[in-house]
């Protein structure tokens, strides 16, 4: 009768499932996390540790989250969790940006414009309610990603206390002398009816008219004299400008030239024109005239204050000097309309040029505009061209495709328009230079971010912080009705209003009667009707939120982390405000990630049909697969995602999960309190495996500390697939399954597996949070009660390295891995040739040089367990048969023959020692010892 020895084996057993089934299991885990107040438990466990503060850049409270939101929140969550594991107290307070035009437009669509069907106060309340609904919707999706934070107490820019603190930040800006009021060209959206911040402007291709325009000289004789060209040439004499915005011609008040450039008086066909010397040929070619003659040359400086007739109005304009004039294109003479261009405005101010003020808020010419009254600016383009042709001052017209500013919300072209606005001055109190100095104190990740934001700060205009909107934090200022000067008690008044807003929200300002605060001054002072730019809202959260939340304990902010578009947006507005109020940058480190594109590198769009939504990914693959994709992608560039890429992430996930499952299954019955083996008593290979885990942990900790999450994933995969899966875990199966359950040989192995599992689950937790939690619940209990959640724990402290006196050190095992790899290669050839079925069916002879012979001999009879064959002979390389193929590893050669021995049904090894025990005639001697004896002894493997 055949005896079944299966029950004498230590077969792996665990309730940890092979399949993750993440999409189904994760929601239940989330429910458990929140029912048990996991975030608060992390806070309690971290109390008193050194702080690391990552301040959440608030997403806009409108619409569903997209894949870019998911990337951003997951990266933040990985950092927060890894910092906790590294021993920091790292709170996470999520936030939302709640004021501004997109919400206004949505609410307008629902209830109509304010002061039409609904009062402004009711409209603001509807905006507040709409924003709150949007926050709740986005919050659920963020939580589903596995992001841990104080979701019950997020910061909202529309919270009454935050609105009040935003007003207080404005007070600090004023106190430090950075605010001024001026009429200045700002980005103006005709659809919004409001100014736009730099970050709200996108550049898209647009087809515009391209025109060359004549400005006839007031005195041709005077110009001839300047060029020393009296009596030379013929025809009328004009300055030529080029523009792609014909509608700005009615507002022209000057022609700008560069003082240092050379200008020519040119005979161009039958007329004389002034052009920059470098551009004469290109202009002649553009207007289609071959006959040109240079009549004279002067520096731009010599043309200053020469006068030319406006092309179609009855006044003359001066030539002025400006450094912004270049020879990159055009004519070298720049049409200057101070209302409609920042350079024009700046240079116009130096010459005291008048502002035309011809374009109203809705983008139409005012009623007194000759020829174009009531026309929209873009509607006026062909009319201006027609007028220029009519009066004979159009030299050339054509179409040009060029990059043009558009509103990021409406995707429509915008204009520059001078309006009375409130500004934070970049030059007042040295703000620009101070900000540039602060940038150098910050660590920028990746480092090119520093040069990028430096260039932006160097070139940015004064910040227009006022908006003409209904739903926003009001600029709670009182100005003199005639002089527009701020009230002398502005700072005290701001604080009084802030207290009211703290109690009742921003509506408290709109409900306020001036007399309540101003008394008799109400006769001469009025309330400013403007609201603050929403970038002021979010840009001030370093103060309005972080400085006031008890969790942050007054600490400085360590990190801002957002997409690379935020150099121009949140990073910029925060830097400007913090420098203006506190003379320092608000952050120590700034990390930026790239945009998400499809597998072909294309931007996601509905028209292409390549949009990947986080909701779909989680429903199909689960949150951990999405998290693993984020972590494994180099975030410093564009982040590619597609179904195929996510499937690859799922494959990687399975390898990690299978490793964890193997560990747990082989820890079945292991009680660390009872069974843990001291390092010095462990089998050599087990000590090496723990040391290998320590090396991996050190690299993983360093990668987490430097935000190199793709390196974490690569190291995790190498550990699971190569060092463990392809080597250690493969080798120990025999010892784990066949030795006596409580033998030192097996307990040594389980001790190593336990240490590795304790470390592995912590490495995974910041990235594969759901799976780490699942593993944590299946780990054996320790002497002290195991913490309820892995997320409260620091990286594992129980790993140990190899001692200096360790003979079988890491270098030894690395050499052995090479030998094993070569043996496996030869075994594979034999398998493919049908000479053997598996490695245990083989008897291997290794012909080795002296170095390798000494190396292999150290394992004695246990070498076969490392090579996973039934028998190994070691011979001198000089004995290698002549017909044996050379090895790919220099210094050894390998031959394989099929074993003629019998197969043991218990361990599957082929052995000459089967039948040594009459009671167990089918077992090999080793299995007899393990079944009825004291158990097999292992020293090395």
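These residue numbers are counts, starting from 1, taken along the chain as shown.
Placement of Cβ uses the backbone N, Cα and C atoms for every residue, glycine included.
Marked as L-isoleucyl-5'-AMP binding site by Swiss-Prot on the basis of sequence analysis: 562. Note on residue 562 (L-isoleucyl-5'-AMP binding site): other Cβ atoms within 10 Å of its Cβ, all shown chains, come to 21.
Counting only same-chain residues six or more apart in sequence, none has a Cβ lying under 8 angstroms from the Cβ of residue 606 (ATP binding site). If you look up Swiss-Prot, you'll see 606 marked as ATP binding site, on the strength of sequence analysis.
Residue 927 (Zn(2+) binding site): 27 other CB atoms within 10 A of its CB, across all protein chains. Annotation comment: Swiss-Prot describes 904, 907, 924, 927 as Zn(2+) binding site.
Through the fold, the motif ''HIGH' region' (59-69) approaches residues 96-98, 100, 102-103, 106, 131-132, 134-135, 137-138, 141-142, 156, 563, 595-596, 604, 611-615, 617, 641 of its own chain, all at least 6 residues removed from its boundaries and within a Cβ separation under 8 Å. Annotation comment: Swiss-Prot describes 59-69 as motif ''HIGH' region'.
The motif ''KMSKS' region' annotation in Swiss-Prot covers 603-607. For the motif ''KMSKS' region' (603-607), the list of distant contacts is 67, 595-597: same-chain residues at least six beyond its ends, Cβ to Cβ under 8 Å.
Between residue 904 (Zn(2+) binding site) and residue 562 (L-isoleucyl-5'-AMP binding site), the C-alpha separation comes to 61 Å. If you measure from the Cα atom of residue 562 (L-isoleucyl-5'-AMP binding site) to that of residue 907 (Zn(2+) binding site), you get 56 Å. Note: the motif ''HIGH' region' (59-69) comprises 3 helix, 1 strand, 7 coil (DSSP; helix = H, G, I, strand = E, B). Its Cβ taken as reference, residue 907 (Zn(2+) binding site) is surrounded by 22 other Cβ atoms within 10 Å in the chains shown. Taking the Cβ of residue 904 (Zn(2+) binding site) as centre and 10 Å as the limit, one finds 24 other Cβ atoms among all the protein chains shown. Sequence-distant contacts of residue 924 (Zn(2+) binding site), defined by Cβ-Cβ distance under 8 angstroms and a gap of at least six in the same chain, are 904, 906, 907, 909, 911, 913, 914, 916. Taking the mean position of the Cβ atoms of 904, 907, 924, 927 as the Zn(2+) site, the remaining same-chain residues with a Cβ inside 8 Å of that point are 738, 905, 906, 908, 909, 911, 914, 923, 925, 926, 928.
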